[in-house]
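A.B. asks: For reference, Swiss-Prot lists these features for the protein:
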- 1-23: topological domain 'Cytoplasmic' (TOPO_DOM)
- 1-20: region 'Disordered' (REGION)
- 1-11: compositional bias 'Polar residues' (COMPBIAS)
- 24-44: transmembrane segment (TRANSMEM)
- 45-158: topological domain 'Extracellular' (TOPO_DOM)
- H137, Y141: heme binding site (BINDING)
Amino acid sequence: MTRPDSGSSPAPLSEARRRKRNPLPTVLGITALLGLAGFIAFGNLNKSLEYFVTPTEYQQQAAQLKGRPVRIGGLVKAVKYNPQSLELSFTVTDGGASFPVRYRGAVSDLFKENQGVVVRGEFEGQTFQARELIVKHSEQYDVPKTQAELRDLLEQSE
């Protein structure tokens with residue numbers, strides 16, 4: 001059975017109605033994800049920082065830095081080194097405060113009294129237990145030009 005042709009085409013179907021979405025859940029979701037990423041990236045950053053301080057600064061901030069890894073810089077005094085056991089003990093000072101330091105490991109030939117040093121580690125009681133020892137030195141190196149200068153350099157290194 002066919003329909004009689006009425007001579008006109010059927011009316012076009014109305015466009016599908018678009019559903020209007022509320023942007024609030026999307027904005028809240030993105031904000032939550034950014035907040036979580038920021039917390040993961042920076043939340044524990046303060047705990048992992050290692051501060052560089054002088055002995056006097058450490059003495060003033062001891063309560064805040066207690067139990068945290070720090071780097072202490074100063075001058076070396078009273079060196080005792082056992083090359084067989086690689087045990088090194090010395091005092092680091094900035095002229096105001098001093099701390100005893102213990103370190104186990106190989107020591108640079110540049111390490112000596114009155115030399116600048118940076119030690120990295122933590123305090124155990126009143127003694128600083130260093131895990132890393134960095135000796136400061138001059139950036140300039142002049143090759144001895146005469147035999148006398150070479151002799152003087154060798155004598156100073158002993």
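The backbone N, Cα and C atoms fix where each Cβ goes, glycine too.
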A.B. asks: According to DSSP, which kind of secondary structure is H137 (heme binding site) found in, if we only use helix, strand and coil?
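C.D. replies: For H137 (heme binding site) - judged by DSSP and reduced to three states - the answer is coil.
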A.B. asks: Tally the residues of the topological domain 'Extracellular' (45-158) by DSSP class, grouping H, G and I as helix, E and B as strand, and everything else as coil.
C.D. replies: 25 helix, 48 strand, 41 coil
